[in-house]
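Quick look at what TrEMBL lists:
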ACT_SITE  His189  active site, proton acceptor
BINDING   Gly11, Ala12, Ala13, Gly14, Gln15, Ile16, Gly17, Asn107, Gln114, Val131, Gly132, Asn133  NAD(+) binding site
BINDING   Arg94, Arg100, Asn133, Arg164  substrate binding site
DOMAIN    6-148  domain 'Lactate/malate dehydrogenase N-terminal'
DOMAIN    159-318  domain 'Lactate/malate dehydrogenase C-terminal'
Amino acid sequence: MKAPIRVAVTGAAGQIGYALLFRIASGAMFGPDQPVILQLIEAPIEKALLALKGVAMELDDCAFPLLKGIVQTSDASVGFKDANWCLLIGAKPRGPGMERADLLKDNGKIFIEQGKIIDAVAAADARVAVVGNPANTNCMIAASQAKRLPADRFTAMVRLDQNRAQTQLAQKAGVDLTAVKDIFIYGNHSPTMFPAFAHATINGQPAASVINDQAWLQGPFCETVGKRGAAIIAARGLSSAASAANALVDHVRSLVTPGAIHSIAVKSNGLYGFDANVWAGMPVKTTTPGSYEVITGYAMDDFAKAKIATTNKELVDERAFVADMIK
Ligand code: NAI
């Protein structure tokens, strides 16, 4: 049996946490032979900590063979201690009438603090995956505080958008989901993100030729994927949680599987027209467990370039809102 790895999760008693922790403990994220210790971090609020206690009791009651320990805490320096993976889900939601700038600043404070603590106390091989919104910019903020851990250890999740796009293409073409490959998400996890349909394939053929409806691809397809989160809220009365947790399982599973090709938001170095130093979704190939290289060389047509310019501008604007905080 391998030695257990430590997985820190913030917002552990929230909606996504509740859909996620059982899958980590069952082996879905790190594999059926990898024991885990869950280090669960919640806000220092009595109600949240009580809910966390209940979740931990349920985890106990599952008798997962791979679960070797549970830490419950509101102290991030305890929760991130020696963590190999830090899954940052907890964030402040946007309240009614709240300006985007205020949301960015409020979350900025949380992610500055967590970035500093992770850098100070997490394991030498620590990897950080950010889900709490605005995920790309929160990830950039956390990474800005790291002196020990390199920036490429910090990734933000766009996998939910990739999964949504894959399903939309399969349903439009009337094919099995697994026939759709190479659909990648560029840019921000927000309605501006761009699902680059021109590179996708269906049964090995260009998806655009199989679907043969450019107007649908450029219009309703991009819009449906971009606004899917709002559509779920309208239908369910709550934001996507099980699908977000599932996407995080996929995000990490792909990152620990050499050869996997997938979309994650990473620090840009100017590739694909993104400003250097924003965290933008793009295609990567996992090289060794936890490490990856950006897949370069996908040609972008004028439509794709315009979409990327829009989502890049949003990321640059978000960075400007918090610029004074990350100096
Ligand atoms: P939720 O409100 O149900 O849970 C959030 C939890 O985080 C709460 O229990 C809260 O007490 C906790 N929390 C708040 N601040 C904290 C802190 N500083 N440290 C530790 N815990 C803290 O929200 P839900 O539905 O679980 O969503 C979490 C986040 O994920 C939201 O920001 C949401 O917008 C985002 N999200 C991102 C997606 C993506 O694709 N990147 C998809 C869906 C949601």
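Glycine is treated like the rest: Cβ placed from N, Cα and C.
Unlike curated entries, TrEMBL annotations are predicted automatically.
Among the recorded positions listed (Arg94, Arg100, Asn133, Arg164, His189), Asn133 has its Cα nearest to the Cα of Gln114 (NAD(+) binding site).
On the 0 to 100 pLDDT scale, the model's mean across the domain 'Lactate/malate dehydrogenase N-terminal' (6-148) is 96. Arg94 (substrate binding site) and Gly17 (NAD(+) binding site) have their C-alpha atoms 18 Å apart, to the nearest angstrom. Proximity of the binding-site residues Gly11, Arg94, Arg100, Gln114 to ligand 1, judged by a Cβ distance under 6 angstroms to any of its atoms, singles out Gly11 in sequence order. A distance of 25 Å separates the Cα atom of Ala13 (NAD(+) binding site) from that of Arg164 (substrate binding site).
Minimal Cβ crowding within 10 Å, among the binding-site residues Gln15, Gln114, is found at Gln15. In terms of Cα spacing, the binding-site residues Gly11, Gln15, Gly17, Gly132 all stay beyond 10 Å of Arg100 (substrate binding site). Neighbour density around each Cβ, counted as other Cβ atoms within 10 Å, peaks among the recorded positions Arg100, His189 at His189. Distances between the Cα of His189 (active site, proton acceptor) and those of the binding-site residues Gln15, Gly132, Asn133, Arg164 are shortest for Asn133.
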